[in-house]
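Here the structure is laid out as structure tokens; the discussion comes afterwards.
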Amino acid sequence: MTSQLKRTLTKRYGVLELWEIIVIALFAAFIVILVLSVWLSFRKKSKRSNATTLPVTQSPRFTEEIKEISVDHGSSNNNGTSYQTLDEKFVEDIENGDKFSGSLEKKPLVGSHLPPSTPSTTAPSPLLGLPEVSHIGWGHWFTLRDLQLATNHFSKESIIGDGGYGVVYHGTLTNKTPVAVKKLLNNPGQADKDFRVEVEAIGHVRHKNLVRLLGYCVEGTHRMLVYEYMNNGNLEQWLHGDMIHKGHLTWEARIKVLVGTAKALAYLHEAIEPKVVHRDIKSSNILMDDNFDAKLSDFGLAKLLGADSNYVSTRVMGTFGYVAPEYANSGLLNEKSDVYSYGVVLLEAITGRYPVDYARPKEEVHMVEWLKLMVQQKQFEEVVDKELEIKPTTSELKRALLTALRCVDPDADKRPKMSQVARMLESDEYPVMPREERRRRRNQNAETHRESTDTNKDNDITTDAKI
């Protein structure tokens, strides 16, 4: 048996014996299997890497939660014709040269709390010196341990804000960079949704008047966002006394903050695709740096919309007093909703009042309605914040009031774009509406008044006849 096997294996096939051919074949098969194994392993790793990497150029998508409808430019949501009449009356007063009282005349600028602007320089990256951790297209991927160390294990002393979304902590990274860590609530599904909304809204955008999103943490059930830290408070704190230890905002500082906010919104609405509707514009969401440059923050309610589209919501989100009437009434949302909210903030900065304050007399509870009544009665000096040591000039106040009134127009289609708002506030001209539009409204109001007068006369005649 052994000798027969030996003869078989030593049998020659050409120049090689059979056993040599078998050894060569086995070796070749081993090499092929090894090469295939290495190739498959490399390919698997490559796929896994691609699955966790979001290209920077990829447009954020949120279509599964956005219902788009075409815009009907012919429609309007005019539920307050008296407001339009009031705005028109104010414009006519300006054109006729009506003056404010002498108490608003310009005075020397003293005691300003607005520090001199520092020359703009290229700031070093706040992530400089941090260890390289996995990146997902943008920003920095922080570990839970990183943020625990930064916030002293999320101590109560580190809390700088909270709300229905979660808690915001002040922290310091290992490279000494101060940050604001937004820790979303661990509600099943909701934290992931809020996280995705905010990342898609601001993760890829860059503007000097938008608070910068530095990175994030996704670990277990934890969802956290890491923002640059603004140590100069927000507009609400400055307007309503929480920053009284630093003084009061001057008129110039207020306008500077509002112009910066307008430019940030113009960028979100007009410069990127899909456009971003913030949906929660209010004074507490406008942060400030040491030079009083505005930094718009909190994109937890933001919506991404395509061109010429609205969002229809079954649940109205936002802050009472700032929400646009058409959105509150019908759930119809677009960028003009932000314009209305911005107008409320501008009036808040002018008056120093909250949009809704039930501690005030009944006719003064709603700031927008009260202000329009005051303008109608030509009590312009009464609307200016009493805390302003140096009042704005006549032209400055007119410009700001007219801009705000256009922003809070009850007809959303007649509100200006935010780029126009920024130009209005920076311009030396009054932001009046086109003459043809004013003439049309004037004729419409006159016709309405004439019809009302005729109706009253008919009623009087009927009453006399009965007597």
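From the backbone N, Cα and C atoms, a Cβ is placed for every residue, glycine too.
Your range for transmembrane segment, going by Swiss-Prot and the list 124-144, 166-186, 271-291, 397-417, is 124-144. Neighbours of TYR327 (phosphotyrosine) among the modified residues TYR227, SER284, SER313, defined as a Cα within 10 Å of its Cα, are SER313. Mean pLDDT for the domain 'Protein kinase' (154-433) in this predicted model: 90. Look at SER284 (phosphoserine): DSSP puts it in a helix. Cα of SER313 (phosphoserine) to Cα of SER284 (phosphoserine): a span of 24 Å. A C-beta separation below 8 Å, combined with a sequence spacing of at least six in one chain, links TYR227 (phosphotyrosine) to VAL179, ALA180, VAL181, LYS182, VAL211, ARG212, LEU213, LEU214, SER297.
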